[in-house]
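Here is what Swiss-Prot says about this protein:
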DOMAIN    46-114  domain 'BTB'
DOMAIN    149-250  domain 'BACK'
REPEAT    296-340  repeat 'Kelch 1'
REPEAT    341-388  repeat 'Kelch 2'
REPEAT    446-492  repeat 'Kelch 4'
REPEAT    494-538  repeat 'Kelch 5'
REPEAT    539-585  repeat 'Kelch 6'
Amino acid sequence: MSVSVHETRKSRSSTGSMNVTLFHKASHPDCVLAHLNTLRKHCMFTDVTLWAGDRAFPCHRAVLAASSRYFEAMFSHGLRESRDDTVNFQDNLHPEVLELLLDFAYSSRIAINEENAESLLEAGDMLQFHDVRDAAAEFLEKNLFPSNCLGMMLLSDAHQCRRLYEFSWRMCLVHFETVRQSEDFNSLSKDTLLDLISSDELETEDERVVFEAILQWVKHDLEPRKVHLPELLRSVRLALLPSDCLQEAVSSEALLMADERTKLIMDEALRCKTRILQNDGVVTSPCARPRKAGHTLLILGGQTFMCDKIYQVDHKAKEIIPKADLPSPRKEFSASAIGCKVYVTGGRGSENGVSKDVWVYDTVHEEWSKAAPMLIARFGHGSAELENCLYVVGGHTSLAGVFPASPSVSLKQVEKYDPGANKWMMVAPLRDGVSNAAVVSAKLKLFVFGGTSIHRDMVSKVQCYDPSENRWTIKAECPQPWRYTAAAVLGSQIFIMGGDTEFTAASAYRFDCETNQWTRIGDMTAKRMSCHALASGNKLYVVGGYFGTQRCKTLDCYDPTSDTWNCITTVPYSLIPTAFVSTWKHLPA
């Protein structure tokens, strides 16, 4: 039943007032479109014929141009097709797919299924039926499997379907062992293969899977591909291969010894392996860097806000296990990991004094040591590892000559620590001093989100530090002013969650540090202020925090592929998390 609306209005003119009725029939557009479709099927008033294969489709130029920018440009910019009464796609377009697109143009409806989804995505992109392309991509997202995710990744990359690409990419990383057995794997470009195997988020319990995958790819088309082997080998964590596997590869794999560059790479891997087996200090070579799925998750916390213990998260048993005591209990410090070591910087001790101290926990030998103190005593600061160095950012220090100790305004000063030299140095200061900000490293840069300003206001800026230029820039504005948030990194995506207001406490966002664009993701399961987050494999983990008088007692996990949060385990009631870090696991023999 059609619905119409009559509105009576008064309009004043030179002759006085008069009544005007505005009539609106909501179903009119559908009726017109339906009748145009009837006219098309009877070839009435059609003025162009589209050909695909051996089939002809009479159409109306106006309907095509209104439905697709492709046809609008074709018919209005003086192209040959704007004058001809036929457009021939020949064999570039399947007739059944073109028929579906035309039915959509004349009805606004289309049936997408497993058999036509890929073809509709390709044709929708080619003919700029972007709504159809996006609908097909959404259908394919819901039908992603390890067996088809590589093909979907390549398809979505070719047709600018970013969301489908991200989901497919994540699934390729999670199921790499299955992906390498697919037909598409051996046809990958070198650059795409390199992107996959160089990712810290690639999930495999055995680096031999990656090593064997690149040899498989090179041997599939040996002559043109063997030149790429050195570059590919540099992205394999060769020092994480078992010793016997590494030795056997060097002695029996002729392909590895055929090029001087590959020989040097394998020699370096053997040297790193020897150092690892001899416990000869921290091995920071890229060939010895574990992927994130091979990291150990550690929580620093205590029974009060004064942290006095390290706990280890056992993924499989879903338990949180006490690991070691802190030599000097403290609060409002920051903690970051470099390799197998945890660096605890600054904070306030039991006497409320602000500390310059840096305590280092070696997870291999399970012992504490002191590193060189920071140049400025600080608390409420952030820290992050970048290129095997530690950066501490912002925070507060104590005001000189004030007793008892009183906090300063938010600091601009940023310090860099070199573990090899055991030395601190100042680098370029923040554009805006902040405390209680979220600090992470991604894509060889530091990012600082929000925080408390020198005027004690919440900050909404994203500050970015480029170490190659020793310079800070403002990259973007946050969706809202933030402080007491947590941040974690997956590839080029930085995830921000929590905060100290009713509107931010449960919210979570994704920031693309290559495009500087924000995306809202699913809310957390609870409101969290001062929570802590990190990435492991292709998932995010968040722990701790509170809101009002309610403490958050769960360790939750976020899966980006499904945009869902789930509880992993309950944090012991006596534990109040103060920091959350991931370190390298003990490296295999």
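Using the three backbone atoms N, Cα and C, a Cβ is placed for every residue, glycine included.
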Checklist outcome for this item: Using DSSP three-state counts, the residues of the domain 'BACK' (149-250) come to 75 helix, 0 strand, 27 coil
Checklist entry - So are the repeat 'Kelch 2' (341-388) and the repeat 'Kelch 6' (539-585) touching or not, going by 3+ C-beta pairs under 8 A with a sequence gap of 6 or more? => result yes
Item to check | Helix, strand and coil totals (DSSP H, G, I; E, B; other) for the repeat 'Kelch 2' (341-388) | outcome: 0 helix, 23 strand, 25 coil
Next on the checklist: Within the repeat 'Kelch 4' (446-492), what mean pLDDT does the predicted structure show?
Outcome noted: 94
Item to check | Secondary structure content, the repeat 'Kelch 1' (296-340) (per DSSP, counts of residues) | outcome: 0 helix, 33 strand, 12 coil
